[in-house]
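Taking it in order: structure first as C-alpha cells, then the write-up.
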C-alpha cells in the first residue's frame, strides 16, 4: 500500500478522467492492473469524502445516536460530565411520557393544531395563489410581497402585534366582531379560545410559503386544457375542480407535507404568546419536551423527542399514501 | 466488503465498551457536607473572570473599577450573560470545566450547581450572619454554604392610597380578613373593576401564594428537609383564602397572559397587587405619583412573612485564583459597597447593615421592604425545585380559574413533587 500523499493526486486525476476512460475500461476485474487502479480510485474517493464523513459522523450522526441512547437511560443534567455513567432504564422513559397527563394533553393539542391548522393554511394559500394568478392584475407584485411578508417577519414582532389584535376589550378582532353584534371571546385568556387564536395567527404567518409554491404550480397548468373544457361548457368552478386541482396534486402533497411537519413541531406560537396556558390548553409536544430539557430530565425529554419524530414520520407516510398519483 | 465488516466490528466494539462503562457510580459525590479552607490575607491579585446576568452584567464593570482601585494588581473581566441562556451556559461550562472564577448565580440554581460539585464552600472568614437569613438559606445545600446573597428582593402588597381613602380604608390591614374586605371596598366604593390583582395560577404564581402560606407558618419541606411538603393544613388554608378572591370576583379569573399591571394600577381598574421592589419605579413611570400609592407587608395569619428572591454570588471550584475570588465576594458584601451598588442598580442590599445608609433608610416605602426581608423566606434549595413547583403552579391555575377543590389540587401537587423527588 502506498502512502496517501502519493495516492491522492493521482487518484484525483483518475477520478476526473473516468468518464472518458469508461469506454476502454475492461469490466471483468481479471486484469490485475485494473483492480489496483480501482482500489486506488476507491481510496481516493474515500479520502476526498473523508472530511465530510468525519463532520457528518461527529456533528450529525453522533448527537443522534447519543440522544437515542439517552432516551433509554435516566440521564439528568448533572450527568453531562459523565454521559455514560448512567443507568439504562429500557422503555421506562417512553411509558413515563405516555402516562404523563400533560404530555397526553400536549399530544391532543398538537393534533388539534395540525388537523385544523394545516387545511386552513392550505386553503388560504391556495386562495391567495389563485387570486394572484387570475384575479389580481394590478399591483400583483405588491400583493405577493404583502402576503409573503409575515413568513419572513420575526415571530417576536408578530407576537406583539397579535397580542394586540387578540386583546379582549379593545383588540381589532373583537372590535370588528363587535360591529356585527358578536361579543368576541377573551382569546388568549380562555382555555377554549386560546388554541383557535394561535391557529389563526399561525395560518396567517405561514400561508405565504404555500402560496408561492401553489403559484408556481398554477402557472404550470396548461391553458389549453382550460380552453378545451370551456368550449365543452365547463364553468369556472368545474374547471378548477377537475383540471387545476388534479394537476396540482404533487404541489398539494408537497405543501401539505411540509406544513404538517412544521405544525407537528409547533413551538414558537405558544412559547411567545401564551407560554402553554391557560390551563395547558396550548402547550405543544415540542414545547413540553423543551420544558423537560429545561428541568434537566434529559432522558425523558429525549424519549419525547423520539416520540415526536415517529409521529412526524407516520403522518408524512399517511399523506404520501393519500395524495399519491392514481395509477 | 472486508472494510465494511472491519468498520462494523470497530463500531460494535466501541459501542460495547461505551455500554459496559455505563451504570451509576454510587459512592461519594454530592450529599455529604464539606468543610472549606480559609483564604489568605492581603489584597486580591491576578486576573479574575466574573459572569453576571442581565442588567447587573451590564453595569458590574463600573463597580469593578472601584475594586481594582482598592486592590492594585487585580484585573476583573466581567462577562455579561443574558438571563435566557444563562442556565445553559453555566451547565455547559461546568461540564466542560470552563467555569469562571466567580459568578452571580440565580438563587434557585444553587442546589443543582452544588450537586454538580462545581461550587467552592464559603470560607470561614466570611460571616454569613451578616446577611438576611432567608436569603442566606438559599445558599445552603446539605448543611454547607456554597455562596452568599448578593442582592435581594421581596414581595409586598401595593395599593393606591387615594382610592383606599375613597373606599374608607385609612390604615393598612393587619390580617387576612382585613385585606380582603379592603379589596372588596375598592370594588364597591372606589370604582375598581377588580379589587386585587392576584395572578390566576400559572407559571410563577407560587411567588404570590407562598407569602400567604408562609404568613400562616407553612413549611415547604418535611422529614428533616428531605422531602417536599405541599399539602400541609397551613398551605390548604392559604390556597382556600387565595381562591376566595376569585370565587368572590375580587380578582380576575381570565386575566390576559401578559399582565397589564401598571396601566391598570394607574387607571384604578385594579388598585392593589402583590409584587417586588422594581414595581415602584415601574408604576411611577406610567404616571402614578409617589404619594398616590404605598406598600404594606403581607397580612399575617400567624406572623407576616414573604418571599425572598434575588441572586447569589459564588466561587467555582475550578478557579485558579480562588482566594482573590473570595476576596471579591467579601468586598461585594461590604455595607458601603452594597449601598453604592444600590445607587447604581437599585438592587436591594443583602447585607443587613447596609440598610442603615440614608439612601435606603430615608425612603419609607423601601424601609418596609427592608423590614419584610428580615422575616422573608425562600423555597428549598433542591435541584428539582423549578420542576416541582411547575406542577403546583398548574394546579393553582385549576383552583383559581375552574374552582377546583384546593385540597385535591394540593394533594396532586404533592404527588407530582414526590414523583419528581428532591434530586439530592
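Each residue, glycine too, has its Cβ placed from N, Cα and C.
Automatic prediction, not curation, is the source of TrEMBL annotations.
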Problem - Feature transmembrane segment in TrEMBL, mapped to one of the ranges A:19-41, A:88-110, A:111-133 - result: A:111-133
Handout entry: Where TrEMBL places transmembrane segment among the ranges A:207-226, A:227-246, A:267-286
Key = A:207-226
Handout entry: Contact ranking winner - A:145-165, A:207-226, A:247-266, A:303-323 against the transmembrane segment (A:111-133), Cβ under 8 Å
Key = A:207-226
Exercise for the section: Take a look at A:145-165, A:207-226, A:247-266 and tell me which one has the most Cβ pairs under 8 Å to the transmembrane segment (A:303-323). Expected result: A:247-266
